[in-house]
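One structure below.
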Amino acid sequence: MNSQHTERDRTSIQKEVIWKNKSFVYMWLATIMYDFTFHVYLLALPLIIYDMSQSTLAMSTMRALDFAPNIILGIFIGVIVDRTKRKNFMRYSLLMQTLLLILLVILLKNATMSLWNIYIIGFLVSTFGYCFWNGFHSSLPQVVEGNQLTTANSAISLGYQINNTIGPGLAGVLLVSLSYSNGLIITIVGLNIVVGLISFSHIKENHLLRRNEKYHNLNPFWVDIKEGWLEVKQNHRLFSMTITILCLNIASGVSSAVIIFYALDKFNLTSDQLGMVIASTAIGGILAALSAKKSREMLRRGKLIIFAICIGASGQFLLFVSFHWNILMVGMMLIGFCSVFINVHYQTLRQESTPAHLLGRVSGTTSMLMKIATPISFLSAGLLGEMIDVHWIFLMSSMIMTALMIILIKLDVLTFA
């Protein structure tokens, strides 16, 4: 009993300390501002493309380009993160996004925009967005203590999910009230505020990071890439978790690609109802972010991952058996819970178990491995949707998750600390 009280007291102290850490608070506020204002851009871009082309192909092409930097450039960006001061790298990435959005606004106001302009600008904005987030997550262990990383990642995920709940609706109101170009100015202002918040934060540069600057200047690029890959392979817990998430992305990606079509085709949902179904995913994410830290105190990480996969498989099965759109909401909420819950614990494991001077490369390598399944899943979903009734795709996703859960238990993944 005393040990339980001691653990609770220690956790309470950690929570208080992390919110007294001004650098973390600045970085946390930066993510809130970034996510909130970026929703305007994320909503405006597909609407601009639709108005210009009325083409699903044009819109899906932009969607694919959003994922491309992660898959094609992730590991290279990771090397650059490890070769530079991460605080400066984040600020320069944000400034590049700002300049690109200013160019987009100018093209819109002058009515000289073409689809190719949008594709190029969109790809570059996504690239520098990935640069910012890689730098951010690689910097977090230099801002908070190791035993506070789960709390920190939970707080960041909570803010992200709350923004996902209210952000799209507010972005829609702003774009209705303003033009696309004026709406994008809000994102530009928000990005400049984020630059200021990052500038106020103090990110410690340890001796290994400083020593690496001289080492990297003499080192070929491919040697750094190899070093990051070897670190991932040698870290058996992280590598196993990365492959697990790769498999989960295949299962969830297939279903997420067709959920909107399924909701509209089977249930004839209004835009408000469809918005509620999508928002339920964020609600599940909020619950996951709130419970992630507490759950880590109760169970080992491996058991928590198994639990989350079980929740996700149940959510996919609910989509399969749904006969009312309210059941779709519950299923999407469970899927959102699974995704965010695993992400919080994965981010924490990666930050805890990776040397600081390798974290950028390890983040880039693992992100590339995990996200490479996304375009494959989207393509597979489109092909399957042409051959079978869409609701069978959800059953298939549920079965993949269940099979993965059984395999992980057989492989004794529960030994994860």
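Every residue, even glycine, has its Cβ placed from backbone N, Cα and C.
Automatic, uncurated: that is what TrEMBL annotation is.
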Original post:
Any idea which of 113-137, 238-262 is down as transmembrane segment in TrEMBL?
Top reply: 238-262
Subject >> Residues from the same chain, set at least six apart from the ends of the transmembrane segment (238-262), whose C-beta lies under 8 A from its own >> reply: 232, 274, 277-278, 305, 309, 312, 316, 319, 328, 332, 335, 338-339, 342, 346, 349-350, 353-354, 362, 366, 369-374, 376-378, 380-382, 384-385, 390-391, 393-394, 396-397, 400-401, 404, 408, 411, 413, 416
Subject >> For the transmembrane segment (358-384): best-contacting stretch of 25-50, 62-80, 184-203, 304-321, 327-346, by Cβ pairs under 8 Å >> reply: 62-80
**OP:** State the non-local partners of the transmembrane segment (62-80) in its own chain: residues 6+ outside its ends, Cβ under 8 Å from one of its Cβ atoms.
**Re:** 45-46, 49, 89, 118-119, 122-123, 126-127, 129-131, 134, 221, 224-225, 228-229, 360-365, 367-368, 371-372, 374-375, 378
